[in-house]
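Chemist: Quick one: this structure, given as structure tokens, is what I'll be asking you about.
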Amino acid sequence: MKALLIRDLRLATRAGGGFGLALAFFLIVCTLVPFGVGPEGGTLSRIAPGILWVGALLSCLLSLDRIFALDFEDGSLDLLATAPLPLEGAVAIKALAHWLVTGLPLALSAPVFGLLLHLPGPAYPWLVASLLLGTPALSMLGAFGAAVTVGLRRGGLLLSLLVLPLYVPTLIFGAEAVRRGAAGADPMTALVFLAAITLATLALAPFAAAAALRVNLR
């Protein structure tokens, strides 16, 4: 399992799907928003929680199609399906690698991007906490979508259409936690729901993704 994780981390960085791409896209989103809505600090601070979460969500979406695509092309996916390690475990490892390359760097760098959007000071710890809780669900749901669309031509578009609706609950509670933190209210309720979504996703999505892979490998 450790060897598979290290291999996937190396592949992610070498194949152009590393954290640099996700961070660059996140920066572009946070930079362009003030041009669209105006530079007024009050307006930006009100919409900052939602914009930051949408930016993180879209940044995670960029490299989802690579989770299984390279292994499918070189035949490694067939070997994983017949390896002693259960396919569900391999799916979980690949989702973890995706999160380490995209979700974790986004969560840790989000306060810097929050400055660009005049995010209120009290919201910063809740921004990081919500992203640390929510982005694992994004990676795991993305792994499920990648498993369903692996091997399809132009599967990236279908992957986006499949995964984005599944991201909505995480987006709602993640942005709400940051919004409550910015207003000085208690964000714990939103964080509890966010954690519940992530735990449910981590428990169920590997089995769904493994089943989809077995169907596509027949």
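Yeah, the Cβs are placed from backbone N, Cα and C, and that goes for glycine too.
I grabbed these lines from Swiss-Prot:
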TRANSMEM  17-37  transmembrane segment
TRANSMEM  50-70  transmembrane segment
TRANSMEM  99-119  transmembrane segment
TRANSMEM  126-146  transmembrane segment
TRANSMEM  155-175  transmembrane segment
TRANSMEM  190-210  transmembrane segment
Chemist: Tell me, please, if the transmembrane segment (50-70) and the transmembrane segment (190-210) are in contact, taking contact as 3+ Cβ pairs under 8 Å between residues separated by 6 or more positions?
Modeler: no
Chemist: Residues sitting near the transmembrane segment (17-37): Cβ under 8 Å, six or more positions beyond its termini, same chain?
Modeler: 43-44, 47, 51-52, 54-56, 58-60, 62-63, 66, 101-102, 105-106, 109-110, 113, 116-117
